[in-house]
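The structure under discussion appears below in the form of structure tokens.
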Amino acid sequence: MRFFTNIRPSITLPLLGILLLGVLVLTYCYSSFSEMKNKDVRILEVLGLCQQDPVNFRRENWSCRTRDMLSPQGLLYKQPSVLKGRTNVLTVTPWLAPIVWEGTFNPLIVDSIYKPMHLSIATTVFAVGKYVRFLRDFLETAEKHFMVDFKVHYYIFTDRREDVPAVVLAPGRNVTIIPVPGSNRWQEISSRRMEMIQTTIENQIGKEADYIFCLDVDTKFHGRWGAETLSRLVATIHPGYYEQTHEHYPYERRLASRAYIPAGEGDYYYGGATIAGYVGDVHKLAKYCREQLEADAANSIEATWQEESHLNRYLLYNKPTKILSPEYLWQDFKAKTNEVQIIRFSQVNKNYAEVRPNVKKRK
């Protein structure tokens with residue numbers, strides 16, 4: 001305290017008091033600012049504008065990343081109306097998430113907003129066992145219709161690397177083959193998918209992509225699948241149940257399973273063939289489903305529809321921020337209905353006994 005040696009005690013004590021008060025004020029201001037900042041982050045998380053995840057996702061951890069909906073000047077399009085639109089289908093959920101149907105978006109506007117963002121889209125697909133035969137049609141039709149003019153990285157999980165077809169890809173689109181073991185039970189292959197998605201996000205995808213789509217391989221694209229499908233957490237309504245009420249959904253009704261959904265509860269029945277969203281949100285979903293599948297296995301129980309059952313429980317209590325209509329997940333054996341004006345993505349007809357292990361062939 002040499003600085004104060006020549007100052008009278010009557011002056012020193014007030015100075016010390018002022019310095020101490022200043023330190024206390026600065027400390028209080030800093031703590032208040034930190035608390036406000038954390039509160040703002042929590043608010044943004046609730047709104048879906050920011051996400052926090054223990055896994056260090058390179059792109060999403062830059063900041064609370066919100067994207068401005070910038071539309072270029074001079075873009076001409078038909079004026080939208082608040083009085084006209086789809087009237088034969090629901091286009092928004094009770095929690096205000098949009099349901100995407102033909103006629104609910106303008107591709108010109110959507111593309112003008114999202115394509116300049118230079119987004120990177122990860123796409124996982126499992127071609128295990130005989131399912132590798134569907135891979136060529138999947139990739140070739142995806143190159144025509146899926147996220148055209150975006151950077152797309154296909155992650156192909158397969159036990160038959162030598163059977164992966166060589167498909168010509170557009171610039172900025174590429175393939176990574178990830179070897180996985182086969183299985184004598186198709187249910188096991190289905191259940192392991194969530195674990196593999198989780199670990200691949202942690203090891204690779206989380207460092208590279210903005211969004212991720214997890215799609216079934218026994219499918220074809222038939223029409224546009226673009227940026228109108230992007231959101232924080234995206235689910236797709238199952239084509240077999242969109243006309244049904246929840247008492248007819250194939251939810252897991254056994255209390256012993258972690259996928260259990262009580263009678264009287266439910267929104268929509270979501271198909272497991274399409275899952276999408278921010279990489280961090282899909283990681284959270286995949287990790288949850290993996291943990292519940294493992295808990296069920298430890299209790300010697302398997303949910304009715306494996307990971308799809310756990311997916312539906314998760315989405316019941318963790319509402320998706322956007323829902324895709326059955327246009328984005330149809331079935332080839334179904335006739336197109338009045339509600340479904342266009343089929344964009346469809347599961348192909350197949351003989352399950354021929355392509356799936358442990359399924360008995362019909363005599």
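In case you wondered, yes, glycine gets a Cβ from its N, Cα and C as well.
Quick look at what TrEMBL lists:
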BINDING   Phe126, Ala127, Val128, Tyr131, Asp216, Val217, Asp218  UDP-N-acetyl-alpha-D-galactosamine binding site
BINDING   Asp216, Asp218  Mn(2+) binding site
ACT_SITE  Glu308  active site, nucleophile
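For the UDP-N-acetyl-alpha-D-galactosamine site, the Cβ centre of Phe126, Ala127, Val128, Tyr131, Asp216, Val217, Asp218 serves as reference, and the other residues of the chain with Cβ at most 8 Å from it are Val125, Val132, Phe134, Leu135. Rounded to a whole value, the Cα-Cα separation of Glu308 (active site, nucleophile) and Asp218 (UDP-N-acetyl-alpha-D-galactosamine binding site) is 16 Å. Working note on the binding-site residues Ala127, Val217: by count of other C-beta atoms within 10 Å of each C-beta, Ala127 ranks first. Asp216 (UDP-N-acetyl-alpha-D-galactosamine binding site) counts 21 other C-beta atoms within 10 Å of its own C-beta, drawing on all protein chains shown.
Residue annotation for UDP-N-acetyl-alpha-D-galactosamine gives Phe126, Ala127, Val128, Tyr131, Asp216, Val217, Asp218. The furthest Cα pair among them is separated by 11 Å. Asp218 (UDP-N-acetyl-alpha-D-galactosamine binding site) has a Cβ environment of 22 other Cβ atoms inside 10 Å.
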